């Protein structure tokens, strides 16, 4: 059985579209109809002309697609495709922060569960967080769940950003250290460093540019050699888009297990058996949709 051929056949039969995040396995990226970062995928989800969305990403991304497309079938090919950071933020953290800062808007990174998004005034991605927080008429904002992105937003906007929970982080980006920066500069003296804002502040300070994965794609044209401080598969995406340039992963072990839980076999089985259907309770979806749509309007 040629699995790629079978997927394409099923895709046509089901009137399905495959959306994939930049961190997906190369072979999954190759079969996707659209590849992007969280913001690009959220935007794309609102414009999809298909009955079925197969989401090659992690659970919160598939939830966002379902919230924006309540009448479409959204499939997450593997139940193991989950985000540890999104699960760090609980509703109780938000309620507690609101008690202390009753006038502060709640700004949630899209890397959060649908349940917590229902408590957000607006959601953000790493691509638009600074822009959106700058536009808010507030000097203090509650921000979760990534403390490193919260630090970056505070630095760029001059606002007081309260991280919830205090230690929320992405385990992949938390791995990058100053030693990785020094090694990269030694190994690739002509390269510049592109750093994701989920990295720790000390690494951010050494960056030539601090950008989302979508920003990495847009800015790669500025230089011929880059060391990439984000999930390893982003290097595959960049090399494919810019074959004439050189890209190096800052760490070979910067791997998101949740993203790698989806293989071609999972996508094939997902389309064959129409599994696993993503459902979001209506009351939660309606509240979360307001926060997501506000983000899309503001960015």
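Cβ atoms here come from the backbone N, Cα and C positions, even for glycine.
Record check, Swiss-Prot: iminosuccinate site residues include 38, 109, 110, 111, 126, 196, 197, 198, 213, and the candidate from 21, 266 also listed there is 21. Within 10 Å of residue 170 ([4Fe-4S] cluster binding site), counting C-alpha to C-alpha distances, fall none of the binding-site residues 21, 109, 196.
Residues 21, 38, 109, 110, 111, 126, 196, 197, 198, 213, recorded as contacting iminosuccinate, have a largest CA-CA distance of 17 Å. Just so you know, the Cβ of residue 170 ([4Fe-4S] cluster binding site) picks up 25 other Cβ atoms within 10 Å once every protein chain is counted. Residues near residue 256 ([4Fe-4S] cluster binding site) in space but far in sequence (CB under 8 A, at least 6 apart, same chain), listed by position: 23, 58, 170, 172, 231.
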